[in-house]
């Protein structure tokens with residue numbers, strides 16, 4: 001992992017622990033935990049928790065996001081649709097782990113996700129035959145699956161557009177996926193449905209924003225240190241060529 005992600009810690013959501021880093025199915029990379037939270041709905045005045053969700057990101061997400069978002073507060077990021085859109089569509093690998101708190105069938109889960117995806121695509125006018133076929137395959141892959149408490153749906157999202165899907169009954173992360181769908185819109189939509197404008201886990205969004213603020217600021221500090229090192233190296237070269245001028249310049253910097 002990059003130096004600025006070594007401070008990443010685990011997150012516990014209910015009884016589910018999301019470790020600080022994982023190697024997703026179908027990937028050769030190790031991703032860090034961006035954030036995690038619960039998904040639930042209010043039923044008759046009571047909030048019922050259905051799943052715990054963890055979102056992992058490739059290391060290059062930090063410098064990529066820092067270009068636009070460093071210096072922002074956690075609240076600003078939490079409230080920014082564009083920030084989460086940059087995560088969903090950014091040129092980095094993403095991994096999402098959805099672990100059940102209450103039992104679900106594969107059909108229940110896939111149909112709800114598909115319904116949200118199709119509605120979003122139609123509202124944007126981007127629902128085509130390719131997406132319709134991808135949704136059919138998505139539902140078919142989940143058809144015979146069952147998810148008792150502690151079981152997980154695992155999604156590895158490649159920046160090239162593929163979506164690797166895996167299943168785990170005991171919290172472990174398999175090395176290979178159960179199926180791969182080559183549809184960029186669907187790949188992005190799965191994560192979008194969780195942390196997007198109408199995402200199903202506001203808690204995961206807030207946790208993601210809060211944790212990334214620290215990493216973005218650390219990355220900014222790293223950039224500053226690298227810049228200072230470049231200046232020092234430059235001064236060392238200049239010192240050999242023009243010792244008197246450099247000593248004078250260095251002295252002025254100390255005074256300031």
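From the backbone N, Cα and C atoms, a Cβ is placed for every residue, glycine too.
Sequence-distant neighbours of residue 116 (substrate binding site) (same chain, 6+ apart, CB under 8 A from its CB) are 189, 193, 198, 200. Among the features that Swiss-Prot reports, substrate binding site is placed at 51, 116, 193.
Look at Swiss-Prot and you will find 228-256 tagged as compositional bias 'Basic and acidic residues'.
Per Swiss-Prot, the feature region 'Disordered' maps to 219-256.
What Swiss-Prot records for 109 is site 'Important for catalytic activity'. Residue density at residue 109 (site 'Important for catalytic activity'): 20 other Cβ atoms are found within 10 A of its Cβ, drawing on all protein chains shown.
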